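Student: Encoded as structure tokens, here's the structure I'll be asking about.
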Amino acid sequence: MIKKVLIANRGEIAVRIIRACREMGIETVAVYSEADREALHTQLADEAVCIGPAPSAESYLSMDQILSATMITGADAIHPGFGFLSENSKFAQLCEKCNITFIGPKSNVIEKLGNKSEARNTMISAGVPVIPGTTEPIFDEEKGALEAEKIGYPVIIKAALGGGGKGMRVAKKPEEFASAFQTAQKEAKAAFGDDTMYIEHFVERPRHIEFQILADKYGNVIHLGERDCSIQRNHQKMIEESPSIALDEELRKKMGEAAVKAAKAACYENAGTIEFLLEKNGNFYFMEMNTRIQVEHPVTEWVTGIDLVKEQIRIASGAELKFRQEDVKLTGHAIECRINAENPEKNFRPSPGTITDIYLPGGKGVRIDSAIYSGYTVPPYYDSMLAKLIVHAKSREEAIMKMKSALGEVIIEGIDTNVDYQYDLINNPDYQSGNIDIEFIERL
Amino acid sequence: MKLKDMFKKTNRKNYISIHSSDNQGRPEVPEGLLKKCNACKAAIVTEDVKSNYYICPKCHNYFRVHARRRVEMIADEGTFEEWDQGLTGGNPLSFPGYEEKVKALQEKTGLDEAVLTGKAKIGGVETVLGVCDGRFMMASMGEAVGEKIARAVERATSEKLPVIIFACSGGARMQEGIVSLMQMAKTSAALKRHSDAGLLYISVLTNPTTGGVTASFAMLGDIILAEPKALIGFAGPRVIEQTIRQKLPEGFQKSEFLLEHGFIDRIVEREEMKEVLTEILKMHERCEDKTGGCTDCCSLVKEEEHTEYKGLTSWERVQISRKKERPVGSEYIKELFDGFIEFHGDRYFKDDRAIIGGIARFHGVPVTVIAQEKGTTTKENIEHNFGMPSPDGYRKALRLMKQAEKFHRPVICFVDTPGAFCGLEAEERGQGEAIARNLYEMSSLKTPIVSIVIGEGASGGALAIALADEVWMLENSIYTILSPEGFASILWKDAKRAKEAAGVMKLTANHLKSLDIVERVIAEPENFTTANLQDVTDKIDAYLAKFICDHAAMDVETLVEKRYQRFRRI
């Protein structure tokens, strides 16, 4: 049984984990950098250990410092949160060697899923759909056209050494293939001095749909429904919701089963997320598996009523899952907005500084996960996320209204935030009608 | 609002407890999982150090590497064949306790002596390998070390193999007295025979390389590489400080210091060592085909376009030759050759950046490339002293040419200098002697030389790398007895009459071609910059292919005689 958890993280997720531990009667140890002496997680935990200077590489990423802190405080488990060392298989392995419970999957599983091609192969052999593409390099157009036909149009032609969009062309129809291939190859040759090409199916304006899964040490795996995280800026999620209006019961079942299959194939254990790209025609493809708790986990918690962090700790201490798939019911609709210290008018430049005044909304169906308070100084060294505002209501429409109202109440003075930007997104008619995909923000 | 101790309801502890009792099933760091870096004092994961070439992941400090680990890092897997296993030395001074000490170390390290020798493949190339192990009496050289190295080198000579020795040593072994001293002579002599057989020796210096080892086999490489920040010297820093009663400057006797002072060719990071060694070995493999696979190079070379004047005056050409945007030596090297490995230093005093040189491949054929380098930005201009070489630069060039001669590589020189550096230090170290020596040695160098004037070719400073079998000029380059300014000031005591001087000096490529001073004039595009450099290098490429092909077939006597006559007739 876990008695004391060291939280190898900072910010709201550290606070979230401390709260879960406290509710379970588990002692907590916070670690903090010199820049985080006044941080909420430092103050809230039962014990706190300074692990180094402000830069993450010398503190929150410093494995030996964190191990030392674990030893001297006598913690028996480490919760890595997200980011930092959470998906570092070497760190997980060190914990295993030192007889520390790493709250997450086994190190070899993290490693396997972190390797893109290995993860892809695992999924292919488990029968989980991946984006079809050539495995062998293609040099000539005729052979390429044959492969493209097999893969299915539209296709994207990519230079093996490609980057920055160079040597990349989309062919929507077979008639376009020849010229697209020639241009891409010519460009590749000129830019990289190499004309090795790959062809893969082009997933047009997909949605980002991810499935939360829970797996215990005894091979029981369930999914907790999906999250629609299509509202992204530069691959950074901004709004997440559950359930997704793009999924009907049938598709949810199909994708959920694929997610469970994926987790089983990877011998997964603890909480994890399978990310898919969903095409308009209902085809979906495995992208990657995140082997940690995610920022957007509260939307799932709200529609399923399951506390994911507590489940993580239970699973890590060897408990069996208490529910089966049929026990999981999605109730109502939850939406999360990430509130960041950044200025959308200045190209989302981070805006560290001291929060002079703060008011955060509340009331029925409103949840705030944050680590900020009046007088808190947002350090410039870390991620700019300040808080997560999550709402829950019976329907999506109602949830949107609630989010609008809640965002309207947020007051954070002293630094720039993206609250107004989020307010505009929520009010966007396309968003409200659910007409979204991962290029939504790009098109604004 | 300060939060400190605000949350009274938490069961905060204001001390940190160390749980020592009841360790059953408790977290614990197993023995050996972590170690401490002796440079930055940080705790580091042992596994990280091992998988990272024994380099501290935090401060990048290099740990000493045991000989067998070094072999694993350098040799192709499973190819190392150890020689002279079990060879040990005696106790010539009957030094008390010496034999016991050696025996204890043999048990501790599993080695017979402080050096491991044998044969291995590196990147597929067979080579003789010697590696010192610092655990064994600081890898000091006694009879056994000297004997093992001498035998390995002798065997390399008879099997016609290259030699690589990783040096790491405190010097001669005190306990064996004068016998140790003689090992310096023995190893050096064996290496001389190896070299005289035309074979390659690469010396790699690691921390520390000092005393009698520095003063023998370590410093005798055709190519000397070093790991970063290694201590390399004859007398140790402590001894020097005690003798002269002065504090030594920061960085004294470190690899970087030696590089700057011209004693090592290159500093190579440990991660790249195998790759660099492989590249060098491959460039020295016996290659019968010296034509670069050229089958129809002669047809590639069209007779050069007529570059007659284009209405430019000589003075205008002088100005074009000095333009800031004009491509410089290093850019030609990049454009024309593959895998250029720069070698530094004259092995006497300095690495002069005004001349750069090294080995590279031209259509697969190993060549030695030497260029007077001006640099492009102001910072680079200063670093390369605006292309004005010091005696050290000429000596480096000569060293590289001698190396080319030994390994039968053609030499390609790029001339671009306003003149040899005119200054106090240059005279102190013998500017005149250095230039003269180059002319003297180049006249009979037993390998083809071609020099290409790409910008300014002023005075003896240019000729010192242009006593060649053929000299080519770019259309708007110049080649002169000295700058037009200097010419005007000597003859007319008025440097302002440079323009007029340029008119009478016959310094343009076309003038020099008609005087039979140069063989070729290579046309340039208008507004010649790096953007259209390829227009010019494409032509040079074809001419070079023909030059190398023509001269590869020539026997050495004819080659040298023709070069002699080329200048004799003028």
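Indices start at 1 and increase along the chain as displayed.
Quick reminder: no glycine exception, Cβ is built from N, Cα and C everywhere.
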Student: Among the residue ranges B:37-59, B:451-473, I'd like the one that TrEMBL describes as zinc finger.
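Tutor: Going through B:37-59, B:451-473 one by one, TrEMBL gives zinc finger for B:37-59.
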Student: Determine which residues of the same chain, besides B:C37, B:C40, B:C56, B:C59, have their CB within 8 A of the center of the CB atoms at the recorded Zn(2+) site, and list them by sequence.
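Tutor: Counting only non-site residues, the set is B:N38, B:A39, B:K41, B:A42, B:I44, B:P57, B:K58, B:H60, B:N61.
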Student: Determine, from DSSP, whether B:C56 (Zn(2+) binding site) sits in helix, strand or coil.
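Tutor: Coil, per DSSP.
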Student: Tell me, how many other CB atoms lie within 10 A of the CB of B:C56 (Zn(2+) binding site), whichever protein chain they belong to?
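Tutor: Excluding its own Cβ, the number within 10 Å is 20.
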Student: Would you mind giving the whole-number mean pLDDT across the domain 'CoA carboxyltransferase C-terminal' (B:301-550)?
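Tutor: Taking every residue in the domain 'CoA carboxyltransferase C-terminal' (B:301-550) and averaging pLDDT yields 92.
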Student: Within its own chain, what residues at least 6 apart in sequence put their Cβ under 8 Å from the Cβ of B:C59 (Zn(2+) binding site), listed in sequence order?
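Tutor: Same-chain residues close to B:C59 (Zn(2+) binding site) (Cβ under 8 Å, separated by 6 or more) are B:C37, B:A39, B:C40, B:A42.
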